[in-house]
Amino acid sequence: MTIYNFSAGPAMLPAAVLKKAQAELLDWQGRGISVMEVSHRSPEYIALAEEAEQNLRDLMSIPDNYAVLFMHGGGRNHFSSVPLNIADESATVDYVTTGSWSQIAFDEAKKYVRHVNLAAQTEETPQGKAIPLVADWQLSDGAAYVHYCPNETVDGIALHEVPDVAAPLVADMSSVILAEPLDVSKFGVIYAGAQKNIGPSGFSVVIIRKDLLATRQSRVCTVMNYQVQAAEKSMYNTPNTWAWYLSGEVFKWLQREGGVAAMGEQNHAKARLLYECIDNNPFYRNQVHPRNRSIMNIPFQLAKPELDNVFLSQAAEQGLIALKGHRFVGGMRASMYNAMPYAGAQALVDFMTRFAQQHG
Ligand code: PMP
């Protein structure tokens with residue numbers, strides 16, 4: 001039976017990547033040892049690391065005035081590292097809280113920066129939860145940065161336009177990086193925990209405009225200092241070489257699959273299929289305003305919540321796993337990152353249609 005894994009993260013990885021890693025585990029590049037047992041300073045590992053960075057640059061068309069960092073920690077690391085690296089204690093910074101993750105980032109920033117302004121937050125509207133229009137955000141003059149989360153993994157809420165703001169824009173792209181084409185030049189900092197569209201957990205990618213590296217890092221611990229890590233090519237300390245290797249394999253896989261343009265088309269098609277199923281079937285409900293619906297994480301409720309566990313166990317019997325919604329939200333959630341094929345979305349919709357017929 002084919003297993004389709006709808007986990008929000010750590011999430012499904014491309015089978016081709018896992019098979020290659022498996023084949024190379026005991027014998028990387030004919031050396032008779034694994035990539036995990038090679039010095040990160042060796043020419044062969046540095047070649048791997050540089051190739052991964054270049055492939056990510058090519059995939060995302062990252063301009064030359066941006067540094068790419070492969071860092072320790074996942075997404076949450078940067079909830080503290082961003083304020084510590086690019087704002088000083090007396091700075092003003094703007095946060096937009098659209099869901100659970102940006103709320104945590106907002107709370108974390110308050111530990112390090114005196115004026116943390118809530119510029120906008122998700123609100124209930126008759127058409128569902130919605131992000132206020134960017135024109136209505138209460139932005140501060142002279143903010144060191146504006147932080148937002150373009151795709152809220154728990155809530156399934158997304159901002160599909162890049163906000164046009166004066167201060168450097170900082171985006172937590174943990175659950176949407178590489179999911180569709182993006183104009184990196186509109187951002188000051190993009191960061192992402194790796195465990196959804198990139199690779200293993202505990203690893204993260206930072207894309208930072210180089211002029212922001214020259215700011216005020218006296219308070220940040222050295223391993224999380226973006227300037228130091230940029231100067232040291234992310235090898236100030238020993239990086240997670242295994243995660244870097246796997247991420248590099250995912251980037252190569254993405255290139256073979258047609259890059260982010262092809263991913264974007266497929267991701268939108270998968271999401272459309274599932275939203276149509278939810279909207280056309282009174283047994284299911286999604287509570288997000290149509291303009292802010294995520295293409296990656298799609299929460300939905302059953303009309304009979306007492307059947308949640310039956311739904312989950314019958315889905316699992318069909319190979320459709322990890323559909324339980326986040327504990328904050330309840331119900332179901334289908335996360336469909338790049339590695340989820342269209343056939344997985346189709347299998348879920350077929351199951352949901354049958355389930356609703358039986359129980360609706
Ligand atoms: N931001 C977002 C948008 C996330 O989805 C997550 C994890 N699901 C995080 C941050 C936290 O990442 P980590 O657990 O790797 O610290």
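Heads up, the Cβ atoms here are built off N, Cα and C, so glycines get one too.
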Handout entry: Record-annotated pyridoxal 5'-phosphate site (TrEMBL): member among D136, D172, D279 besides G75, R76, W101, T153, Q195, N237, T238
Key = D172
Practice task
Let me know the most crowded of the binding-site residues, choosing from T153, N237 and counting other Cβ atoms within 10 Å.
Solution key: T153
Problem - In three-state DSSP terms, the structure that W101 (pyridoxal 5'-phosphate binding site) belongs to - result: helix
Practice task
For Q195 (pyridoxal 5'-phosphate binding site) and R41 (L-glutamate binding site), determine the Cα separation and express it in whole Å.
Solution key: 25
Exercise for the section: Filter the candidate list R41, G75, R76, W101, T153, D172 of binding-site residues, keeping only entries whose CB is under 6 Å from an atom of ligand 1. Expected result: G75, R76, W101, T153, D172
